[in-house]
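**Q** Provided herewith is a single structure, encoded as structure tokens, for subsequent inquiry.
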Amino acid sequence: MLTKRTTKNTSFLYFSLFCIYFSVSFSPVNPTYILGCGLILILFMQVLLRMRIQKFTLITIVFAMMFLLEQLIGINIVSFYPEGPVYLTPLLFSYSILISACVIEGFQGLKSDSRLIIYKRVYNYAIIFLVIELFTRVLNYNKENNGFYSLKYSVPYFDSNFTGLVILSLCSYLLYLKYVKGNERKIHRRILYFLLLATFSRGAIAALILTRIGLGSKKRIRGKAFLIIAVAVVIFSMLTIEYIEQSQSYSSIDGSFNSKFYIISQALSFYESLPILVHWFGIGMGNTSQFIGIFAHNIFVTMILEMGIVGTVLFLLYVFYTLKLSNGYALFIWVPIFVGGISLFSAFSPFAFIICALICCENMVDKKYEF
């Protein structure tokens, strides 16, 4: 009976981890949505049949449902959307959270050796997929764009910046395995470093460098992590103030770099015009472009404008909950997400929540905490 359950959990975990990197964005319906929804359905069926659920799984599901409800309330409060409200983006964010609950349940009963074998295979498949993704960008080379922008178009993802977020998350877990678990996967790590460089995603590359430098030791990990995030936020805030108050343009440096500050400037102006109730519940994830003509991109714009105060508090409470469960080691994923999120943040982010769930589960096994 135990062997049968272990086999089921192994398969369930494999398919759940597959959702970290699998995507085909050009498809009318991304097949990873179908896979993920199937896994979530199986998860709920298992819970109903067994009438038992892990504490970590329950809190994750409750968080996903509360966040989705908060978003729906916010969308209902906003009286006018030029193109109609976007519901898909909040759904994808909640979907990303629920996929991590599948990882938590699939993790149960698997021994350390079995998990390491699973990780090795998942990384092998991920690298193969990401190499194919790189080839699609080379084949779709656009000579009308300048420099590396000619290689930014991606078939599996929206563009190579999203590829960078996926690789960043995979690298973050390898750093956790190396520095915390003592499991070095040098070949996987070096291949992923190359693939990350090949995305030309400067935000993701910078986030990985800071994570590697700052968290390359288990000592004082929390203090160093918060210092990294604080320094990144302060520097970016100073540049933003220069852009807004002094009308300083960074177009001469790079158009994409300049656009980050343009988004914040437009978002702040729009935010000031909104009623207090919308400040509390936000305009809904994915709706910014309707009002300022460009997507939020930035994690802090997403939190303040789209999530609202209530949504931001819910999100941060879950982040701190995972930090507590993981003894602070979830910072290996949250530091790069928050630092890299200054440049780009994706609502469709199963890679972030799945890696976070893995780190928490590994730590809870080590400490023999109750799931």
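Placement of Cβ uses the backbone N, Cα and C atoms for every residue, glycine included.
Fair warning: this is a prediction, and the values are worked out from it, not measured in the lab.
For 192-316, the entry in TrEMBL reads domain 'O-antigen ligase-related'. Residues or ranges marked as transmembrane segment by TrEMBL: 12-27, 33-49, 56-81, 87-110, 122-140, 160-179, 191-213, 225-244, 299-321, 333-361.
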**Q** Helix, strand, coil: count each for the residues of the domain 'O-antigen ligase-related' (192-316), based on DSSP.
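**A** Helix, strand and coil residues of the domain 'O-antigen ligase-related' (192-316) number 91 helix, 0 strand, 34 coil.
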**Q** Would you kindly list the residues that approach the transmembrane segment (160-179) from elsewhere in its chain, counting only those six or more residues past its ends and only Cβ-Cβ distances under 8 Å?
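**A** Distant Cβ neighbours of the transmembrane segment (160-179) are 20-21, 23, 119, 123, 126, 130, 133, 137, 151-154, 185, 188-189, 192-193, 195-196, 198-201, 203-205, 207-208, 211-212, 215-218, 329, 332-333, 336-337, 340, 343-344, 346, 349, 351-352, 354-355, 358-359, 362.
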**Q** Pairs of Cβ atoms less than 8 Å apart decide it: which stretch in 87-110, 122-140, 299-321 has the most with the transmembrane segment (12-27)?
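**A** Against the transmembrane segment (12-27), the leading stretch is 87-110.
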